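Peer 1: According to Swiss-Prot:
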- Ser110, Leu111, Leu112, Pro113: (6S)-5,6,7,8-tetrahydrofolate binding site (BINDING)
Amino acid sequence: MRIVFMGTPEFAVPSLKRLFEEGYDVLAVVTQPDKQRGRGMKVSFSPVKELALQKGVKVLQPESVKNNPEFLQELKELNPEVIVVAAYGKILPEEILTLPEYGCINVHASLLPKYRGAAPINWAIINGEKETGITTMLMDKGLDTGDMLLKRSIAIEEDDDAQTLHDKLANLGAEVLSETLKKLKEGKLIPEKQKDEEATYAPIITKEMGHIDWKSPACRIRNLIRGLKPWPGCYTFYDGKMLKIWKAEVVEHFGNEPPGSVLKSKDELIVKCGENALRILEIQQEGSRKMGIREYLIGHNIPEGTILK
């Protein structure tokens, strides 16, 4: 089967690897343009491009996929039977969606129609879901609205964060893609329409979302910490300095102190929330490294009764 693969970040790498391992004819890889990163503004390639170059596969990096006749012509000349899309990062126009014989198949990191959009992994954790999964679907003009092909679920563990769940789903995505393509070749797939009335959305994550509102229940703040790790991270302010909180656990507390109050700070750090409290386990002060809370408290004094902002 002749395939063009479209993807950009780490999430897409296991799916592309699986195509190579299973001997598919990967005609080309389409990925986002190179970016300049770091203080030296060095050009860095996307993880998908790195893998494609290792395998000697043609790489296409259009600035835009819409109103781009040159790119469209390149795709037509490649003549793929199917286009596989995994976290590519751009919306495809209809002339690309209808080009391959079998259409464009997307590997999406949620159990559609729940969590359509850019950040399904983060939002599943933020919202306290107990399971999520992978859906492969036939792409249409909408945002993750196409007919579903296969679904596989996975439990969200209590200690999962967005990074650990991302890695699990990236690997599961490769498995589900493999099964989808096999069944596609055998004519054994029956596309299933999504129930739009059951749809929920997973909008893009912003840095501002990480600012902790201590009036929220402790369980909700803990889910936010997990859902925004490693980027952008959750933070609060003490004495004008940002404190990033990377790990915490809920503790029962029925006092009436103001939310954000430091309840204990001798050898552990417990902060009052709108409901219950949080025991902070990993912290990072602005300009410093991440550390366990005991190590942090040896060198930093946060008096009990202090209110974190």
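Heads up, the Cβ atoms here are built off N, Cα and C, so glycines get one too.
Keep in mind that this is a model prediction, so the values were computed, not measured.
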Peer 1: Give me the count of other Cβ atoms within 10 A of the Cβ belonging to Leu112 ((6S)-5,6,7,8-tetrahydrofolate binding site).
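Peer 2: Taking all protein chains shown, Leu112 ((6S)-5,6,7,8-tetrahydrofolate binding site) has 27 Cβ neighbours within 10 Å.
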Peer 1: Just to confirm: which same-chain residues, 6+ apart in sequence, have a Cβ under 8 Å from the Cβ of Leu111 ((6S)-5,6,7,8-tetrahydrofolate binding site)?
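Peer 2: Listed in sequence order: Glu131, Thr132, Gly133, Thr135, Lys151, Ser153.
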Peer 1: Using all protein chains in view, find how many other C-beta atoms are within 10 Å of the C-beta of Pro113 ((6S)-5,6,7,8-tetrahydrofolate binding site).
Peer 2: 20
Peer 1: List the residues of the same chain that sit at least 6 positions away from Ser110 ((6S)-5,6,7,8-tetrahydrofolate binding site) in sequence and have their Cβ under 8 Å from its Cβ, in sequence order, or write 'none'.
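Peer 2: Once residues fewer than 6 apart are set aside, Ser110 ((6S)-5,6,7,8-tetrahydrofolate binding site) is near Arg116, Pro120, Ile121, Ala124, Thr132, Gly133, Ile134, Thr135, Ala202.
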Peer 1: According to DSSP, collapsed to three classes, what secondary structure does Pro113 ((6S)-5,6,7,8-tetrahydrofolate binding site) have?
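Peer 2: The residue in question, Pro113 ((6S)-5,6,7,8-tetrahydrofolate binding site), is coil (DSSP, three-state).
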Peer 1: Excluding Ser110, Leu111, Leu112, Pro113, which residues of the same chain place their Cβ within 8 Å of the centroid of the Cβ atoms of the recorded (6S)-5,6,7,8-tetrahydrofolate site?
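Peer 2: Same chain, not in Ser110, Leu111, Leu112, Pro113, Cβ within 8 Å: His108, Lys114, Tyr115, Arg116, Pro120, Gly133, Thr135, Asp144, Met148, Lys151, Gln194.
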